[in-house]
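Shown next, in C-alpha coordinates, is the structure this report addresses.
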Amino acid sequence: MFQLTATPASALADEPVHIRVMGLAPLQVVTLMASLKDEKGNLFQSRAFYRANEAGELDLEQDPALGGDFVGVHPMGLFWSLKPEKPFGRLLKLEVMNSPFSITLDLYDSVYLQKSGVVQPTSLEVQRWFSSPGVQRLMIREGRVRGALFLPPGEGPFPGIIDLFGGIGGLLEYRAGLLAAHGFAVLALAYFAYDDLPNQLQEVDLDYFEEAANLLLAHPKIQKPGIGVISVSKGAEIGLAMACYLKQVVATVCINGSNAAFEFPLRYRDLVLTPIPSFPERMEVNASGAVRLRHYKGDPRDESNQQSVFPVEKSKGPILFIIGGDDECFNSRDYAEQALNQLQSHGRSDGRMLLYPGAGHLIEPPYWPMCYGSWTRGLFRPLLWGGDPVLHEAAQEQAWREILKFFRQNLVGSRSKF
(Lines of atoms letter the chains of each structure in order from A and count residues from 1; the text may use other names and numbers.)
(Lines give C-alpha, C1' and ligand atoms only; values in the text may rest on other atoms or scores of the structure.)
Protein backbone atom coordinates (compact mmCIF):
# COMPACT_ATOMS: atom_id res chain seq x y z
CA MET A 1 0.00 0.00 0.00
CA PHE A 2 1.40 3.38 -0.99
CA GLN A 3 1.87 6.02 1.67
CA LEU A 4 1.88 9.64 0.48
CA THR A 5 2.81 12.27 3.09
CA ALA A 6 3.15 16.06 3.04
CA THR A 7 4.67 17.78 6.09
CA PRO A 8 3.25 20.10 7.27
CA ALA A 9 -0.13 19.36 5.73
CA SER A 10 -1.43 22.74 6.92
CA ALA A 11 0.88 25.77 6.93
CA LEU A 12 1.39 29.35 5.84
CA ALA A 13 1.57 29.73 2.07
CA ASP A 14 5.20 30.88 2.26
CA GLU A 15 6.34 27.75 4.14
CA PRO A 16 7.80 24.76 2.26
CA VAL A 17 6.14 21.34 2.33
CA HIS A 18 8.12 18.08 2.48
CA ILE A 19 6.48 15.50 0.16
CA ARG A 20 7.43 11.83 0.44
CA VAL A 21 6.11 8.50 -0.86
CA MET A 22 6.76 5.06 0.68
CA GLY A 23 5.64 1.53 -0.21
CA LEU A 24 6.52 1.67 -3.90
CA ALA A 25 8.25 -1.07 -5.85
CA PRO A 26 12.00 -0.59 -6.29
CA LEU A 27 12.67 1.91 -9.11
CA GLN A 28 8.94 2.26 -9.85
CA VAL A 29 8.00 5.25 -12.02
CA VAL A 30 5.04 7.21 -10.68
CA THR A 31 3.10 10.40 -11.40
CA LEU A 32 2.44 13.10 -8.84
CA MET A 33 -0.28 15.65 -9.63
CA ALA A 34 -1.38 18.77 -7.78
CA SER A 35 -4.80 20.37 -8.25
CA LEU A 36 -6.25 23.60 -6.89
CA LYS A 37 -9.54 25.37 -7.46
CA ASP A 38 -9.65 29.08 -6.73
CA GLU A 39 -12.65 30.78 -5.15
CA LYS A 40 -14.25 31.28 -8.56
CA GLY A 41 -13.95 27.59 -9.43
CA ASN A 42 -11.04 27.96 -11.87
CA LEU A 43 -8.85 24.86 -11.96
CA PHE A 44 -5.05 24.95 -11.74
CA GLN A 45 -3.02 21.74 -12.14
CA SER A 46 0.55 20.46 -12.33
CA ARG A 47 2.21 17.06 -12.69
CA ALA A 48 5.63 15.50 -12.61
CA PHE A 49 7.04 12.00 -13.12
CA TYR A 50 9.42 10.41 -10.61
CA ARG A 51 11.33 7.16 -10.11
CA ALA A 52 11.45 5.60 -6.63
CA ASN A 53 14.78 4.52 -5.17
CA GLU A 54 15.77 0.89 -4.64
CA ALA A 55 13.96 0.87 -1.29
CA GLY A 56 10.70 1.90 -3.01
CA GLU A 57 10.78 5.40 -1.52
CA LEU A 58 10.52 8.84 -3.03
CA ASP A 59 11.59 12.11 -1.38
CA LEU A 60 10.97 15.33 -3.32
CA GLU A 61 13.68 17.11 -1.35
CA GLN A 62 16.34 14.96 -3.00
CA ASP A 63 14.81 13.01 -5.90
CA PRO A 64 14.56 14.69 -9.33
CA ALA A 65 11.48 14.94 -11.50
CA LEU A 66 12.16 13.06 -14.74
CA GLY A 67 9.65 15.13 -16.72
CA GLY A 68 6.29 16.82 -16.60
CA ASP A 69 5.88 20.49 -15.70
CA PHE A 70 9.45 20.70 -14.44
CA VAL A 71 12.65 18.62 -14.43
CA GLY A 72 15.18 18.14 -11.64
CA VAL A 73 15.10 18.48 -7.86
CA HIS A 74 12.40 21.01 -6.95
CA PRO A 75 10.79 20.13 -3.60
CA MET A 76 7.94 22.66 -4.14
CA GLY A 77 7.70 22.26 -7.90
CA LEU A 78 4.17 20.87 -7.83
CA PHE A 79 3.03 24.10 -6.16
CA TRP A 80 4.80 26.77 -8.23
CA SER A 81 4.21 24.97 -11.54
CA LEU A 82 0.40 24.97 -11.19
CA LYS A 83 -1.10 26.13 -14.49
CA PRO A 84 -4.59 27.40 -15.29
CA GLU A 85 -6.94 25.09 -17.18
CA LYS A 86 -8.25 28.18 -19.00
CA PRO A 87 -5.48 30.01 -20.86
CA PHE A 88 -4.28 33.30 -19.37
CA GLY A 89 -5.80 32.71 -15.95
CA ARG A 90 -4.12 34.33 -12.93
CA LEU A 91 -4.23 32.72 -9.51
CA LEU A 92 -5.46 35.17 -6.86
CA LYS A 93 -6.46 34.50 -3.24
CA LEU A 94 -9.51 36.59 -2.45
CA GLU A 95 -10.63 35.38 1.01
CA VAL A 96 -7.65 35.54 3.32
CA MET A 97 -8.78 34.91 6.87
CA ASN A 98 -11.00 31.86 7.15
CA SER A 99 -10.30 29.71 4.13
CA PRO A 100 -6.96 28.39 2.89
CA PHE A 101 -6.12 27.28 -0.60
CA SER A 102 -6.66 23.52 -0.61
CA ILE A 103 -4.26 21.69 -2.90
CA THR A 104 -4.98 18.04 -3.68
CA LEU A 105 -1.91 15.85 -4.24
CA ASP A 106 -2.61 12.72 -6.30
CA LEU A 107 -0.20 9.78 -6.66
CA TYR A 108 -0.58 7.46 -9.68
CA ASP A 109 1.35 4.19 -9.86
CA SER A 110 2.73 4.75 -13.37
CA VAL A 111 3.13 7.49 -15.97
CA TYR A 112 -0.36 9.00 -16.03
CA LEU A 113 -1.28 11.40 -18.82
CA GLN A 114 -5.05 11.69 -18.45
CA LYS A 115 -6.59 14.87 -17.04
CA SER A 116 -8.22 13.04 -14.13
CA GLY A 117 -10.81 10.48 -13.15
CA VAL A 118 -9.85 7.37 -15.14
CA VAL A 119 -7.61 5.71 -12.53
CA GLN A 120 -8.15 6.07 -8.80
CA PRO A 121 -5.07 7.68 -7.23
CA THR A 122 -3.79 7.85 -3.68
CA SER A 123 -4.72 11.37 -2.59
CA LEU A 124 -3.84 13.88 0.09
CA GLU A 125 -4.99 17.43 0.78
CA VAL A 126 -2.60 20.24 1.72
CA GLN A 127 -3.84 23.54 3.16
CA ARG A 128 -2.03 26.81 2.39
CA TRP A 129 -2.99 29.69 4.70
CA PHE A 130 -2.57 33.43 4.19
CA SER A 131 -2.84 34.49 7.82
CA SER A 132 -1.96 32.90 11.13
CA PRO A 133 -3.96 32.35 14.34
CA GLY A 134 -4.53 35.58 16.24
CA VAL A 135 -4.15 37.90 13.23
CA GLN A 136 -7.01 40.42 13.11
CA ARG A 137 -8.52 41.82 9.91
CA LEU A 138 -10.28 45.17 10.19
CA MET A 139 -12.17 46.68 7.26
CA ILE A 140 -11.11 50.29 6.73
CA ARG A 141 -13.65 52.82 5.52
CA GLU A 142 -12.56 56.09 7.05
CA GLY A 143 -12.65 59.40 5.20
CA ARG A 144 -11.76 58.50 1.63
CA VAL A 145 -9.59 55.52 2.59
CA ARG A 146 -10.73 52.02 1.63
CA GLY A 147 -8.87 48.84 2.52
CA ALA A 148 -8.24 46.12 5.09
CA LEU A 149 -5.88 46.38 8.06
CA PHE A 150 -4.16 43.23 9.31
CA LEU A 151 -2.88 43.31 12.90
CA PRO A 152 -0.62 40.63 14.41
CA PRO A 153 -1.62 39.14 17.77
CA GLY A 154 -0.49 41.04 20.85
CA GLU A 155 -0.42 44.60 22.13
CA GLY A 156 2.18 45.98 19.75
CA PRO A 157 3.17 48.50 18.69
CA PHE A 158 3.93 46.87 15.35
CA PRO A 159 5.87 48.18 12.34
CA GLY A 160 3.28 49.50 9.87
CA ILE A 161 3.26 48.85 6.12
CA ILE A 162 0.96 49.91 3.28
CA ASP A 163 0.54 47.22 0.59
CA LEU A 164 -0.22 48.31 -3.01
CA PHE A 165 -0.99 46.20 -6.08
CA GLY A 166 -1.20 47.45 -9.67
CA GLY A 167 -3.55 47.91 -12.58
CA ILE A 168 -5.78 45.00 -11.58
CA GLY A 169 -7.59 47.37 -9.20
CA GLY A 170 -9.86 46.26 -6.38
CA LEU A 171 -8.53 45.05 -3.04
CA LEU A 172 -5.98 42.22 -2.81
CA GLU A 173 -5.10 41.11 0.71
CA TYR A 174 -3.09 37.87 0.53
CA ARG A 175 0.35 39.51 0.75
CA ALA A 176 -0.80 41.71 3.64
CA GLY A 177 -2.11 38.67 5.51
CA LEU A 178 1.22 36.85 5.11
CA LEU A 179 3.20 39.90 6.26
CA ALA A 180 0.96 40.18 9.33
CA ALA A 181 1.77 36.54 10.12
CA HIS A 182 5.42 37.69 10.25
CA GLY A 183 4.71 40.45 12.77
CA PHE A 184 3.90 43.50 10.63
CA ALA A 185 0.71 45.57 10.77
CA VAL A 186 -0.30 45.90 7.13
CA LEU A 187 -2.91 48.05 5.42
CA ALA A 188 -3.93 46.46 2.12
CA LEU A 189 -4.98 49.62 0.31
CA ALA A 190 -7.44 49.89 -2.58
CA TYR A 191 -7.20 52.92 -4.84
CA PHE A 192 -9.62 52.23 -7.69
CA ALA A 193 -12.28 49.74 -8.82
CA TYR A 194 -13.38 49.06 -5.25
CA ASP A 195 -16.36 50.17 -3.13
CA ASP A 196 -17.04 53.86 -3.87
CA LEU A 197 -13.60 54.57 -5.33
CA PRO A 198 -13.39 55.50 -9.04
CA ASN A 199 -14.01 52.54 -11.31
CA GLN A 200 -11.11 53.50 -13.58
CA LEU A 201 -7.78 55.06 -12.65
CA GLN A 202 -7.65 58.52 -14.24
CA GLU A 203 -5.09 60.22 -12.02
CA VAL A 204 -2.86 59.35 -9.07
CA ASP A 205 -4.03 61.52 -6.17
CA LEU A 206 -1.16 61.35 -3.70
CA ASP A 207 -3.26 63.13 -1.07
CA TYR A 208 -5.35 59.95 -0.87
CA PHE A 209 -2.25 57.88 -0.10
CA GLU A 210 -1.10 60.43 2.47
CA GLU A 211 -4.50 60.17 4.14
CA ALA A 212 -4.01 56.39 4.29
CA ALA A 213 -0.50 56.79 5.75
CA ASN A 214 -1.78 59.17 8.44
CA LEU A 215 -4.67 56.84 9.25
CA LEU A 216 -2.27 53.92 9.71
CA LEU A 217 0.12 55.93 11.89
CA ALA A 218 -2.76 57.17 14.05
CA HIS A 219 -3.70 53.61 15.02
CA PRO A 220 -2.61 52.90 18.63
CA LYS A 221 -0.96 49.58 17.66
CA ILE A 222 1.24 51.11 14.96
CA GLN A 223 4.83 51.95 15.73
CA LYS A 224 5.88 55.59 15.22
CA PRO A 225 7.20 57.66 13.58
CA GLY A 226 7.18 56.18 10.05
CA ILE A 227 5.77 53.38 7.92
CA GLY A 228 6.91 51.17 5.07
CA VAL A 229 5.38 50.58 1.65
CA ILE A 230 5.44 47.38 -0.42
CA SER A 231 4.25 47.81 -3.98
CA VAL A 232 4.21 46.18 -7.40
CA SER A 233 3.67 47.36 -11.00
CA LYS A 234 1.51 50.53 -11.11
CA GLY A 235 1.44 50.31 -7.33
CA ALA A 236 5.26 50.47 -7.32
CA GLU A 237 5.13 53.72 -9.30
CA ILE A 238 2.82 55.08 -6.61
CA GLY A 239 4.95 53.57 -3.83
CA LEU A 240 8.06 55.35 -5.15
CA ALA A 241 6.13 58.63 -5.39
CA MET A 242 5.03 58.15 -1.76
CA ALA A 243 8.68 57.65 -0.74
CA CYS A 244 9.61 60.89 -2.51
CA TYR A 245 6.81 63.18 -1.35
CA LEU A 246 5.40 61.80 1.92
CA LYS A 247 7.40 62.27 5.11
CA GLN A 248 5.51 59.37 6.73
CA VAL A 249 7.16 56.79 4.43
CA VAL A 250 10.60 55.68 5.68
CA ALA A 251 11.20 52.31 3.93
CA THR A 252 9.96 51.35 0.46
CA VAL A 253 9.93 48.16 -1.61
CA CYS A 254 9.18 48.66 -5.32
CA ILE A 255 8.65 45.47 -7.33
CA ASN A 256 8.92 46.05 -11.10
CA GLY A 257 7.65 49.62 -11.14
CA SER A 258 8.64 52.87 -12.80
CA ASN A 259 10.48 55.98 -11.61
CA ALA A 260 8.15 58.52 -13.19
CA ALA A 261 4.48 59.32 -13.75
CA PHE A 262 3.13 57.24 -16.62
CA GLU A 263 -0.28 57.21 -18.34
CA PHE A 264 -2.02 59.33 -15.68
CA PRO A 265 -1.13 62.67 -14.04
CA LEU A 266 0.12 62.57 -10.46
CA ARG A 267 -1.26 65.21 -8.11
CA TYR A 268 -0.06 66.14 -4.65
CA ARG A 269 -1.45 69.29 -3.08
CA ASP A 270 -0.56 72.04 -5.58
CA LEU A 271 1.88 69.89 -7.56
CA VAL A 272 0.85 68.21 -10.81
CA LEU A 273 3.20 65.88 -12.70
CA THR A 274 2.14 65.33 -16.29
CA PRO A 275 2.61 61.72 -17.41
CA ILE A 276 5.24 60.50 -19.85
CA PRO A 277 3.43 59.74 -23.11
CA SER A 278 2.76 56.21 -24.29
CA PHE A 279 2.98 54.89 -27.83
CA PRO A 280 0.19 52.35 -28.48
CA GLU A 281 1.62 51.63 -31.93
CA ARG A 282 4.63 50.02 -30.22
CA MET A 283 2.53 47.23 -28.68
CA GLU A 284 3.68 43.77 -29.77
CA VAL A 285 1.57 40.61 -29.87
CA ASN A 286 3.57 37.43 -29.22
CA ALA A 287 2.92 33.91 -30.54
CA SER A 288 0.51 33.10 -27.70
CA GLY A 289 -1.66 36.11 -28.54
CA ALA A 290 -0.62 38.17 -25.52
CA VAL A 291 0.44 41.82 -25.69
CA ARG A 292 3.97 42.91 -24.78
CA LEU A 293 4.06 46.47 -23.40
CA ARG A 294 7.79 46.69 -22.66
CA HIS A 295 8.37 49.22 -25.49
CA TYR A 296 4.97 50.91 -25.19
CA LYS A 297 5.99 53.68 -22.79
CA GLY A 298 8.19 56.71 -23.36
CA ASP A 299 11.69 56.82 -21.88
CA PRO A 300 12.08 58.76 -18.61
CA ARG A 301 15.73 59.39 -19.52
CA ASP A 302 14.71 61.63 -22.42
CA GLU A 303 15.24 65.33 -21.74
CA SER A 304 11.63 66.06 -22.73
CA ASN A 305 10.32 63.73 -19.99
CA GLN A 306 12.29 65.02 -17.01
CA GLN A 307 9.34 66.94 -15.60
CA SER A 308 7.61 63.57 -14.98
CA VAL A 309 10.50 61.87 -13.13
CA PHE A 310 10.20 61.49 -9.35
CA PRO A 311 12.76 63.30 -7.15
CA VAL A 312 14.03 60.12 -5.48
CA GLU A 313 16.79 62.08 -3.76
CA LYS A 314 14.07 63.56 -1.53
CA SER A 315 12.99 60.16 -0.17
CA LYS A 316 13.05 59.90 3.62
CA GLY A 317 14.53 56.42 3.85
CA PRO A 318 15.95 53.40 2.01
CA ILE A 319 14.41 52.04 -1.18
CA LEU A 320 14.65 48.41 -2.33
CA PHE A 321 14.00 47.81 -6.03
CA ILE A 322 13.12 44.18 -6.87
CA ILE A 323 13.46 43.65 -10.61
CA GLY A 324 12.60 40.76 -12.91
CA GLY A 325 15.14 40.47 -15.73
CA ASP A 326 12.44 39.02 -18.00
CA ASP A 327 9.77 41.62 -17.20
CA GLU A 328 7.78 41.89 -20.45
CA CYS A 329 5.50 44.66 -19.17
CA PHE A 330 7.87 47.41 -17.93
CA ASN A 331 11.46 48.43 -18.62
CA SER A 332 11.72 48.04 -14.87
CA ARG A 333 15.49 47.52 -14.78
CA ASP A 334 16.13 50.80 -16.66
CA TYR A 335 13.75 52.66 -14.34
CA ALA A 336 15.44 51.30 -11.21
CA GLU A 337 18.92 52.04 -12.54
CA GLN A 338 17.94 55.62 -13.33
CA ALA A 339 16.51 56.06 -9.83
CA LEU A 340 19.66 54.62 -8.24
CA ASN A 341 21.90 56.88 -10.33
CA GLN A 342 19.80 59.82 -9.25
CA LEU A 343 20.23 58.87 -5.59
CA GLN A 344 23.97 58.38 -5.96
CA SER A 345 24.42 61.70 -7.74
CA HIS A 346 22.97 63.34 -4.61
CA GLY A 347 25.29 61.44 -2.29
CA ARG A 348 22.71 58.88 -1.24
CA SER A 349 23.73 55.23 -0.81
CA ASP A 350 20.49 53.83 0.64
CA GLY A 351 19.01 52.62 -2.63
CA ARG A 352 19.48 48.99 -3.68
CA MET A 353 18.42 46.87 -6.62
CA LEU A 354 17.97 43.11 -6.57
CA LEU A 355 17.97 41.94 -10.19
CA TYR A 356 16.65 38.44 -10.86
CA PRO A 357 17.47 37.15 -14.37
CA GLY A 358 14.62 35.09 -15.80
CA ALA A 359 12.00 36.48 -13.41
CA GLY A 360 8.90 38.10 -14.87
CA HIS A 361 6.81 41.09 -13.86
CA LEU A 362 4.54 39.56 -11.22
CA ILE A 363 6.95 38.60 -8.43
CA GLU A 364 4.74 37.14 -5.69
CA PRO A 365 5.35 35.44 -2.31
CA PRO A 366 7.20 32.09 -2.42
CA TYR A 367 5.78 29.01 -4.18
CA TRP A 368 3.16 31.08 -6.00
CA PRO A 369 2.60 29.87 -9.59
CA MET A 370 4.17 32.17 -12.15
CA CYS A 371 1.64 34.00 -14.31
CA TYR A 372 3.19 34.42 -17.76
CA GLY A 373 0.23 36.38 -19.13
CA SER A 374 -3.32 37.21 -18.05
CA TRP A 375 -6.36 39.27 -18.91
CA THR A 376 -6.38 42.73 -17.39
CA ARG A 377 -8.83 45.58 -17.53
CA GLY A 378 -8.84 47.87 -20.54
CA LEU A 379 -6.85 45.69 -22.97
CA PHE A 380 -8.14 43.92 -26.08
CA ARG A 381 -5.78 40.97 -25.53
CA PRO A 382 -4.14 39.31 -22.51
CA LEU A 383 -1.13 41.14 -21.09
CA LEU A 384 2.29 39.47 -21.18
CA TRP A 385 4.15 39.46 -17.84
CA GLY A 386 7.13 37.26 -18.74
CA GLY A 387 9.33 34.91 -16.75
CA ASP A 388 10.92 31.47 -16.80
CA PRO A 389 9.06 29.32 -14.22
CA VAL A 390 12.14 27.86 -12.48
CA LEU A 391 14.07 31.14 -12.34
CA HIS A 392 10.95 33.09 -11.43
CA GLU A 393 10.24 30.85 -8.45
CA ALA A 394 13.84 31.09 -7.24
CA ALA A 395 13.46 34.88 -7.41
CA GLN A 396 10.23 34.77 -5.42
CA GLU A 397 11.81 32.74 -2.63
CA GLN A 398 14.88 34.95 -2.31
CA ALA A 399 13.02 38.23 -2.79
CA TRP A 400 10.54 37.36 -0.03
CA ARG A 401 13.38 36.75 2.41
CA GLU A 402 14.97 40.04 1.38
CA ILE A 403 11.69 41.93 1.79
CA LEU A 404 11.19 40.62 5.34
CA LYS A 405 14.80 41.43 6.21
CA PHE A 406 14.55 44.93 4.70
CA PHE A 407 11.50 45.90 6.73
CA ARG A 408 12.89 44.39 9.92
CA GLN A 409 16.07 46.40 9.53
CA ASN A 410 14.60 49.69 8.37
CA LEU A 411 11.33 50.30 10.16
CA VAL A 412 12.42 52.26 13.22
CA GLY A 413 12.56 50.27 16.42
CA SER A 414 11.40 47.07 14.76
CA ARG A 415 14.66 45.28 15.40
CA SER A 416 13.71 44.61 19.01
CA LYS A 417 10.42 43.02 17.92
CA PHE A 418 11.88 40.11 15.93
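Placed from the backbone N, Cα and C atoms, the Cβ positions cover glycine too.
Those TrEMBL annotations? Automatic predictions, nothing curated.
Sequence annotations record features per position, and here TrEMBL assigns active site, charge relay system to SER233 (among others). Here SER233 (active site, charge relay system) comes close to PHE165, GLY166, GLY167, ILE255, ASN256, GLY257, CYS329, PHE330, HIS361, LEU362: these same-chain residues lie at least six apart in sequence, with C-beta atoms under 8 angstroms from its C-beta.
Residues annotated as active site, charge relay system in TrEMBL: ASP327 (among others). The Cβ neighbour count for ASP327 (active site, charge relay system), using a 10 Å radius and every protein chain shown, is 25.
The active site, charge relay system feature in TrEMBL is assigned to HIS361 (among others).
According to TrEMBL, the feature domain 'BAAT/Acyl-CoA thioester hydrolase C-terminal' maps to 204-411.
Note on HIS361 (active site, charge relay system): other Cβ atoms within 10 Å of its Cβ, all shown chains, come to 30. Looking at the domain 'BAAT/Acyl-CoA thioester hydrolase C-terminal' (204-411) alone, the prediction's average pLDDT is 96.
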